[in-house]
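Per TrEMBL, the features are:
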BINDING   B:Gly21, B:Pro22, B:Val23, B:Gly24, B:Ser25, B:Gly26, B:Lys27, B:Thr28  GTP binding site
DOMAIN    B:17-187  domain 'CobW/HypB/UreG nucleotide-binding'
Amino acid sequence: MFDTATALALLQYGDSAYPAGGFAFSWGIEGLAADGLLENARDLDDFVWEHLTLRWNSMDRVLLDRAYRAGDIAAIAAIDRDAEAATPSAPMREGSRRAGRALLGVSVRLGGALSVAYRTCLADAPHLGHLPVVQAVVYRDAGLAPQAAELVSGWTLVHGLVSAAVRLGVIGHVEAQRALQSARAVLAELLAEPMLPDALPSSFTPLIDIAVSRGKARPIRMFTT
Amino acid sequence: MTGVQKTKGARIAAARVGIGGPVGSGKTALVERLIPALLGRGIDLAVITNDLVTAEDAERIRRSGLIDPARVSAVEAGACPHTVIREDPTLNIEAADELERRFPGVELILLESGGDNLASTFSRDLTDFWMFVIDVAGGDDIPRKRGPGVIRCDLLVINKTDLAPHVGVDLARMHEQALAVRSNRPVLLTNCRKGEGIDAVVGMIERDVLFRA
Ligand SMILES: Nc1nc2c(ncn2[C@@H]2O[C@H](COP(=O)(O)OP(=O)(O)OP(=O)(O)O)[C@@H](O)[C@H]2O)c(=O)[nH]1
Ligand SMILES: [Mg+2]
């Protein structure tokens, strides 16, 4: 499916060490654990499944795909506005923008042309810069094809969720590898189904949304989301 | 030091100064002393904190009345205080860029790391200059342990000098050993409780970071 050069690029961009601030986001894992809803490896598998299937695949992936195919900066910004409008939870929106802007910042410093143009556009648009939209911009600059961009997007989410669970003490490092393995199977199945060109972004992950939304109210918090 | 950076529009970017060091060594206390001293010299200032699990330090500085609370940003470290200042300082860089956008005249951004251990160092892409704060009460053998933080920082600050007699530390010897392991690169002594030694730190920032005469 991917040639060696692309596979190597995937390893670089999909690496948890890629410096885009991913380690500071738990996307609900911290809140779910704090509320006793996430206690072991099996719970984690369930939430990773939920994240991938009911949010990433129907929302992030759709936005990423549309942004990837967008003709110009204005069209990308329009999709970014859709991302903003389609995310009811304010802390989730803020997290998505912070993660997106961090990723964009790295690409700008590496000289990505589209990234530089998009960052200029974001200077006067504080509500834009959502992660999936920025992923399209950055991975286009990186020369990744849409399928490769989708793969990195899904994988970095999985990695973020699982490593947050390790740092919260929910699972150990060996269990983490098992969690990644099951998540790979879920992701592979989703990616095998191509995106419909007219798909609209949607998600239904109420527990995760509530966990992220309550984040700011928690006195003890290690993660941005 | 990576020197002065340029950003879009050819505006000179603010100098970024990191403050790292073990838990409780007095990083926030130093920031609280530096703020009025730097503002008093007419330096346009902002602060970023990397709290471990709460926004405690950010809130403490915001409530201190020493600086406009809007000029204090908090960055969560996801339980990785090392990573957020070294391997992946992107969130701190974004926070600093954002402060520069909101306060175009800002000349200096102080960045307090979360309390960490002697191995923590700052990425050269994040800071132009960084100091490492250890304290007397942590033991006079700290410099001898040659942690990368102690050795590689641009300025080593030995804080809580007032506690030396209470913890049986020979301050002169600790200072001497710190200079020795650092090949005589700068080491300054402070007592943040009383504000002693702060002028020397400010002087160094003015001279070596802001290039003021
Ligand atoms: N006696 C004495 N106490 C000090 C001095 N500086 C700081 N302290 C005290 O040391 C304690 C820790 O100080 P902080 O400034 O919070 O230390 P910190 O390095 O910011 O701590 P973390 O951010 O939690 O790593 C506080 O109780 C301070 O009042 C000093 O020079 N002398
Ligand atoms: Mg502190």
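Yeah, the Cβs are placed from backbone N, Cα and C, and that goes for glycine too.
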Cβ under 6 Å from ligand 1: qualifying binding-site residues of B:Pro22, B:Lys27, B:Thr28: B:Lys27, B:Thr28
Cβ under 6 Å from ligand 2: qualifying binding-site residues of B:Gly21, B:Val23, B:Thr28: B:Thr28
Cβ-based isolation winner (fewest other Cβ atoms within 10 Å) among the binding-site residues B:Pro22, B:Gly24: B:Gly24
Among B:Ser25, B:Thr28, the one of these binding-site residues whose Cβ has the fewest neighbouring Cβ atoms within 10 Å: B:Thr28
Fewest other Cβ within 10 angstroms of its own Cβ, chosen from the binding-site residues B:Val23, B:Gly26: B:Val23
Beyond the site residues B:Gly21, B:Pro22, B:Val23, B:Gly24, B:Ser25, B:Gly26, B:Lys27, B:Thr28: chain residues whose C-beta lies within 8 Å of the centroid, for GTP: B:Gly115, B:Val133, B:Asp135, B:Asn159
Rounded mean pLDDT for the residues that make up the domain 'CobW/HypB/UreG nucleotide-binding' (B:17-187): 95
Cβ neighbour count within 10 Å of B:Gly21 (GTP binding site): 29
Sequence-distant neighbours of B:Lys27 (GTP binding site) in its chain (C-beta under 8 A, six or more apart): B:Ile19, B:Gly20, B:Gly21, B:Asp57, B:Glu112, B:Ser113, B:Gly115, B:Val133
